[in-house]
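**Q** Quick one: this structure, given as structure tokens, is what I'll be asking you about.
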Amino acid sequence: MAPYPPLIQAVRSNDAPTVRKLLTRKPYPLDETAGRNAWTPLHFAAYYQNRAILQLLLSKNAPISTKETKDGFEPLHKAAERGNIDAIKILLDNGADIEATSNAGSTPLLVAVKFGFVPAVRELLFRGADINVYDSTGRSVAHIAAERGNLEMLEFLHANNAWIDLANVNGRTPLYLAVKGGHESVVKYLLDNGADVNAAGDDGWTPVHAAGYYSKPEDEEGDIMMLLLEADADVKAEITSTGYMPLHKAAEGGNLEVLRWLVNAGAEVNGKSKRGHTPLYAAVRFGKERAPVMEIVKFLVGKGADVGVRDQFGMGLVSIAKQRRWKELMEFLDTQVQGRGSPVQYEKDS
């Protein structure tokens, strides 16, 4: 990387005397840029939180607004990213656009929410920032706070009239993102405050699908799934493209306790997708790499899952077990089929 120009290097080093000397010695190009994102001296001053340097640059008419950076961030965005309230105040007092958008459609408020600075968010709202703004993907402040699991931020935003149940461009709600991230306290808060537990994305995925598939191993009690089911989540909702229901995704995801919750709530153990997949089939064929697939298989079979299930092409569990040289699964299936007095029917699976 090329060395920084003298002024920018002085700003980065918080060297106010050198900045002053450079600016008084001769006219200096205050719109010069450096770094991978092409920041101006004012960007660096806002980011590195030096009030004196920021004021000095502004006194010399440093451009307060520029779209030349690679990400489209203006100095106010960088101040928000660092939670630098002094810089936020100074920049706004000098005419910075509080609703300036980056290339991704982010305003300074959205940036402050992303990086978790409640005081900076408070200052921006006090100055008139639109709390219900959204970026180019339709993410609102509530989406960002929920996705990052920041309950304090979400509570503050909601108390200031932020909408907490908007969908982004893919139909995802803050609740869905909180569930996917495993943020139990945020999930509970959203449900307690009226979030739609069955809001489906454009692809048909609902929060309960996400809870099934993305449930973390440390969620040993399946608490997030429990919260959703207590809020009347639909256990038979189908993903648009596949027809997979939450139990299918839970079988793939591999959290046994989550499966228990779903089965106890009425999920169909032998419910079929558009291609004839049951949850048992999904677990065997598509289970996550580190999922306890055999435990899932034994649980589902114990609940009445059909071990003779085949997809629309006639592929059954034995075929999958043979292809993968999965001895334990083959022996288990053999035992189950023989124990029920049914023909093994390996011929079609060979």
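All residue numbers here begin at 1 and follow the chain in the order shown.
Placement of Cβ uses the backbone N, Cα and C atoms for every residue, glycine included.
Quantities reported herein were computed from a predicted structural model and do not represent experimental measurements.
Per TrEMBL, the features are:
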- 37-69: repeat 'ANK' (REPEAT)
- 71-103: repeat 'ANK' (REPEAT)
- 104-136: repeat 'ANK' (REPEAT)
- 137-169: repeat 'ANK' (REPEAT)
- 170-202: repeat 'ANK' (REPEAT)
- 203-240: repeat 'ANK' (REPEAT)
- 242-274: repeat 'ANK' (REPEAT)
- 275-312: repeat 'ANK' (REPEAT)
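Provide an account of the burial state, proximal residues and distances for the features listed.
**A** Taken residue by residue, the repeat 'ANK' (37-69) breaks down under DSSP into 17 helix, 1 strand, 15 coil.
Beyond the repeat 'ANK' (71-103), the same-chain residues lying 6 or more positions past its ends with a Cβ under 8 Å from any Cβ of the stretch are 37, 39-40, 42-43, 45-47, 49, 51, 54-55, 58, 64-65, 109, 111-112, 114-117, 119-120, 123-124, 127-130, 133, 135.
In the repeat 'ANK' (104-136), helix, strand and coil residues by DSSP number 16 helix, 1 strand, 16 coil.
Nonlocal intrachain contacts for the repeat 'ANK' (137-169), taken as residues 6+ away from its ends with a CB within less than 8 angstroms of a stretch CB, comprise 104-105, 109-110, 113-114, 116, 118, 121-122, 125, 131, 175, 177-178, 180-183, 185-186, 189-190, 193-196, 199, 201.
For the repeat 'ANK' (170-202), the list of distant contacts is 137-138, 140, 142-143, 145-151, 154-155, 158, 164, 208, 210-211, 214-216, 219, 223-224, 227-228, 231-234, 237, 240: same-chain residues at least six beyond its ends, Cβ to Cβ under 8 Å.
Remote same-chain residues near the repeat 'ANK' (203-240) are listed as 170-171, 173, 175-176, 179-182, 184, 187-188, 191, 197, 246-253, 255, 257-258, 260-262, 265-268, 271 (criterion: CB distance under 8 Å, separation of at least six residues from the stretch ends).
If one looks beyond the repeat 'ANK' (242-274) by at least 6 residues along the same chain, the residues whose Cβ comes under 8 Å of a Cβ in the stretch are 206, 208-217, 219-222, 225-226, 229, 233, 235-236, 280, 282-283, 286-288, 290-293, 295-296, 299-300, 303-306, 309.
Looking at the repeat 'ANK' (275-312) alone, the prediction's average pLDDT is 93.
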**Q** Residues sitting near the repeat 'ANK' (104-136): Cβ under 8 Å, six or more positions beyond its termini, same chain?
**A** 71-74, 76-77, 79-85, 88-89, 92, 98, 143-145, 148, 150, 152-153, 156-157, 160-163, 166, 168
**Q** Going by DSSP, how much of the repeat 'ANK' (137-169) is helix, how much is strand and how much is coil, in residues?
**A** 16 helix, 1 strand, 16 coil
